[in-house]
């Protein structure tokens, strides 16, 4: 009797969360992703948004090699979650996660310290591949008047904001292409501030998908209070808003 062997389906979408940073600018005595925001940690909120999305098959978290807090999170044993050891810089952590991701999947790379992510923003990004097959990022048009200074802190000139955007996360690219381009950029000594900058360096120009203004990154102490206000509002409504 012959037997039919089936190959497990490779996930179409994986989320990558670089969480190996120490958050020095917060001066909080612990990595900022573990600071409490409402009922749980910042990282806990971030993981909840990703793990609960039905079109994300796996979430890969890159951790500091001496992280002793992650296993205390309720999400740590989730069946969709995988951890890897991250690197000294964000790009190194993303590279480590990409190396273990399915190479024919797409990766949503999301900051650990952006806890207010909604499913509606994820949905918009996932749906963007028809318009932007090269990949895309969540972003927000600049609203304020932008000034460029000189090196003494004096205004040099006003920048036209008409075509300026704030880059947010997630940033969404094919795993294999992002892995190749990010690795090549780092080997060339290029300073990589986000995944889109690695793709731009390689001659790939990502699309811009307008995201929510409350998808903020907790970087400074004041951000924690603001994120708390946003999270309180989101907690009263579903993530799909």
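Backbone N, Cα and C define each Cβ position, glycine as well.
What Swiss-Prot records for 25 (among others) is site 'Transition state stabilizer', and it gives sequence analysis as the kind of evidence.
When secondary structure is read from DSSP and collapsed to three states, residue 32 (site 'Transition state stabilizer') falls in the helix class. Sequence annotations record features per position, and here Swiss-Prot assigns site 'Transition state stabilizer' to 32 (among others).
Residue 161 (site 'Positions MEP for the nucleophilic attack') counts 13 other C-beta atoms within 10 Å of its own C-beta, drawing on all protein chains shown. According to Swiss-Prot, the feature site 'Positions MEP for the nucleophilic attack' maps to 161 (among others).
The DSSP secondary structure for residue 217 (site 'Positions MEP for the nucleophilic attack') is coil. Annotation comment: Swiss-Prot describes 217 (among others) as site 'Positions MEP for the nucleophilic attack', evidence class sequence analysis.
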Next item on the list: Look at the recorded sites 32, 217 and tell me which residue has the greatest number of other C-beta atoms within 10 angstroms of its C-beta.
Entry: 32
Notebook entry, point to check: Going by DSSP, is residue 161 (site 'Positions MEP for the nucleophilic attack') part of a helix, a strand, or coil?
Noted result: coil
Notebook entry, point to check: How many Å separate the Cα atoms of residue 161 (site 'Positions MEP for the nucleophilic attack') and residue 217 (site 'Positions MEP for the nucleophilic attack')?
Noted result: 21
Notebook entry, point to check: Quick one: Cα separation, residue 32 (site 'Transition state stabilizer') versus residue 217 (site 'Positions MEP for the nucleophilic attack'), in Å?
Noted result: 11
